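Here is what Swiss-Prot records for this protein:
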type	residues	note
CARBOHYD	ASN58	N-linked glycosylation site
CARBOHYD	ASN70	N-linked glycosylation site
CARBOHYD	ASN91	N-linked glycosylation site
CARBOHYD	ASN109	N-linked glycosylation site
CARBOHYD	ASN189	N-linked glycosylation site
CARBOHYD	ASN207	N-linked glycosylation site
CARBOHYD	ASN243	N-linked glycosylation site
CARBOHYD	ASN266	N-linked glycosylation site
CARBOHYD	ASN312	N-linked glycosylation site
REPEAT	390-411	repeat 'LRR 13'
CARBOHYD	ASN461	N-linked glycosylation site
REPEAT	462-485	repeat 'LRR 16'
REPEAT	700-723	repeat 'LRR 24'
CARBOHYD	ASN730	N-linked glycosylation site
CARBOHYD	ASN778	N-linked glycosylation site
Amino acid sequence: MSKSLLRLTFLLLLLLSCVSPSSFFTFNNPAEGPGACGPHQIQAFTQFKNEFDTRACNHSDPWNGVWCDNSTGAVTMLQLRACLSGTLKPNSSLFQFHHLRSLLLPHNNFTSSSISSKFGMLNNLEVLSLSSSGFLAQVPFSFSNLSMLSALDLSKNELTGSLSFVRNLRKLRVLDVSYNHFSGILNPNSSLFELHHLIYLNLRYNNFTSSSLPYEFGNLNKLEVLDVSSNSFFGQVPPTISNLTQLTELYLPLNDFTGSLPLVQNLTKLSILHLFGNHFSGTIPSSLFTMPFLSSIYLNKNNLSGSIEVPNSSSSSRLEHLYLGKNHLGKILEPIAKLVNLKELDLSFLNTSHPIDLSLFSSLKSLLLLDLSGDWISKASLTLDSYIPSTLEVLRLEHCDISEFPNVFKTLHNLEYIALSNNRISGKFPEWLWSLPRLSSVFITDNLLTGFEGSSEVLVNSSVQILSLDTNSLEGALPHLPLSINYFSAIDNRFGGDIPLSICNRSSLDVLDLSYNNFSGQIPPCLSNLLYLKLRKNNLEGSIPDKYYVDTPLRSFDVGYNRLTGKLPRSLINCSALQFLSVDHNGIKDTFPFYLKALPKLQVLLLSSNEFYGPLSPPNQGPLGFPELRILEIAGNKLTGSLPPDFFVNWKASSHTMNEDLGLYMVYSKVIFGNYHLTYYETIDLRYKGLSMEQENVLTSSATIDLSGNRLEGEIPESLGLLKALIALNLSNNAFTGHIPLSLANLKKIESLDLSSNQLSGTIPNGLGTLSFLAYMNVSHNQLNGEIPQGTQITGQPKSSFEGNAGLCGFPLQESCFGTNAPPAQKPKEEEEAEEDEQELNWKAVAIGYGVGVLLGLAIAQLIASYKPEWLVCLVKSRNPLRSFFGFEY
């Protein structure tokens, strides 16, 4: 836990201790004890509990319960953490507790409730926490009635708007609104700057902006913690920041600040200075290294230059964490050697003009972490004769042009984490590496290694939990994995033979990725208990094991591009956590798996290039299920039938759009040791906009559909226009008839549209010319007629996108439309009516068959997607919350 979080927790507890004399009662028994709650209060509390699902509540949690005033019996404090699931309604019994002084409801699931204005009635509140509880929309202005508040925590919700609700909250000492969507300009006259008693202010991860950090922050001179990380502030940090003489922690990272480093020399109590990821320039003042309590400096990823000077007096410095990577610093190594108390040192990507000798760090006897990635390392200092601190636990030497395995690692018996990716290391992994007693994580991807010294059992007794060996030249049989293995990835190597059955005995294995190798044989049935199984692009045969039992934890399953046959296992329906399913490019012969609609979290379904057959429309001819599905790729099968107009109405997740930075990624995160954890992201290979590309981090706020190369017929469903998150649509090479739906003009995010090789008729809707993101469009080889719309995005398409339609005319085709002076073709009546209605499509209209007889054609990109899931692995050290995002990610 970070110092700032510890401080916040301490402050909340301190404020809670100020509540009047009271008695505490458990969640289930508010009536027990000598000072029991009044009968009306008991009734209100019981009603409040009954408004929610409380099955997740930990009734043994000593902090969950009710405090009642000993003299009046009134509820004065209520804390229910991670207990409640449901909607917090304005008529909730909660608002009957008018004597509440402390209300703590963090980590509940209020299912996207808005914060009720009724909170303003609880005007005796001194402490209020609603963090991590799913609240959305704006904070009601009635919050300004809570004039007694000393602490307010609204962090980690989906709240929007400004901070106008803090007006009149003049007693506030703690304000945390981090991890929301608050926005707007922080003006000098903002109510925020009237909160002169604030000692803790956290605005992290919002979208506040200002041409510079307001000078008025300097008026909050009681502040001890100030955090404005990851907003949209730019310009220079005002000199008034030096007025905050009580400040102990200052967080300004991930903004667009410029100019010199802020003046912090007067902040003699400062212990943490975090300025990562800005555009600060100039030199680093030597005074930073003599500040009496400063223990952590994060200046990485800026534009700092020059050398640094470390006074001799710095040997007594408390500095433990120094991050200077990705700057333009010159002579810094010898001065840094004076900072003998350093525990973490980042000097990555400094572009030094001379090689770095690791022995320069020999004086740093307490060093635990060293990152020299992207630097030029002296070859001699990597030998066994070199000396570097034996205390090292984490060593990163990526992108260092190293060609031999560093023997100096032999002496590092405390080493837990090694990163040597993107070098030129060849030969075999040395046998001694796996004998390092504390080695837990090894990342040696993108090298030239060919195998392992020793027998096939060489890894078995290693302590390694995380092993990533992607993109080497490893060949032969896969060695037996460590007994402690949690994550193993060997993507893009030359391993062959059967997948060893010894993997079945690795009970802690969560993630196995053997994609892009030469494995053959069958998939071992025992792999059904993994969280992530990736076997893409091998030579595996047989059927997929039908061994998935109830509550199987599987989240991602990819066996695409193999030689698998048989049917899709019905037991997959037991995988309630499944998000990503890919069996594309195999020989699976089955009907469409409608039963998978029961999987509540399924977001990606890839079935292309198999032998799926039969109707794609559900047996009842109603809408297709899959409310969370965003990517559906079933191209190149033998699916038949027509699709009803309301086919896509249940795709709720794809009907909403969000800004890219607010999207959710296909991601898995797991603590691996101590304060370290790994994060895995999905990536996919697309043929997109006519080009092959890799999309890293599958953003599930976007949607793509590819139904091409089947035998589908009838009209294109009007309900496609509901899928506002759709960026790519491919319906080519089918037998669709009728007109292109006008509703496609509602797809404002669409980038790629392919309707080629169908039997579509009518004109191309003019509305498609207004789609500003449409970069690729193909409607060739249909029966379209009339003039091609002249919108910018359409006229930029090649002639081949419109060929094969005898009745089409206009640019970019050579055929003119009835002569240069002839009037344009008359619009169909339905298109005129749709334009009058501004082409708005709603759910009700689709459900009753909106636009009966409104048939116009459709168009989408070549999303013949060959999905190549890989893992992007980033190690993050979360000693404070910011390190969760900055620690080792560049």
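Counting begins at 1 with the first residue displayed.
Including glycine, each Cβ sits where the backbone N, Cα and C put it.
Overlay of Swiss-Prot feature records on the structure.
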residue : record                      : DSSP (3 states)
ASN58   : N-linked glycosylation site : coil
ASN70   : N-linked glycosylation site : coil
ASN109  : N-linked glycosylation site : strand
ASN189  : N-linked glycosylation site : coil
ASN207  : N-linked glycosylation site : strand
ASN243  : N-linked glycosylation site : helix
ASN266  : N-linked glycosylation site : coil
ASN312  : N-linked glycosylation site : helix
ASN461  : N-linked glycosylation site : coil
ASN730  : N-linked glycosylation site : strand
Among ASN91, ASN189, ASN266, ASN312, ASN778, which are recorded as glycosylation sites, the nearest neighbour of ASN730 (N-linked glycosylation site) by Cα: ASN778
Cβ contacts under 8 Å made by the repeat 'LRR 16' (462-485) with residues that lie 6+ beyond its boundaries: 421, 434-452, 456, 491-497, 499-500, 502-503, 505-506, 508-509, 514, 519, 672-673, 678, 870-871, 873
Tally of residues which DSSP labels helix, strand or coil - the repeat 'LRR 13' (390-411): 5 helix, 3 strand, 14 coil
Number of helical, extended and coil residues in the repeat 'LRR 24' (700-723), per DSSP: 5 helix, 9 strand, 10 coil
Inter-residue Cα distance where the pair is ASN266 (N-linked glycosylation site) and ASN312 (N-linked glycosylation site), in Å: 21
Segment confidence, the repeat 'LRR 24' (700-723), expressed as mean pLDDT: 91
Rounded distance in angstrom between the Cα atoms of ASN461 (N-linked glycosylation site) and ASN266 (N-linked glycosylation site): 54
Spatial neighbour of ASN243 (N-linked glycosylation site) that is closest, considering only the glycosylation sites ASN58, ASN189, ASN207 and their CA atoms: ASN189
Fewest-neighbour residue among glycosylation sites, criterion Cβ within 10 Å, set ASN91, ASN109, ASN243: ASN91
Candidates ASN58, ASN70, ASN189, ASN461, ASN778: member of the glycosylation sites with the richest Cβ shell (10 Å): ASN778
For ASN778 (N-linked glycosylation site), the one of ASN58, ASN91, ASN189, ASN207, ASN266 that lies nearest, given that the glycosylation sites are compared by Cα: ASN207
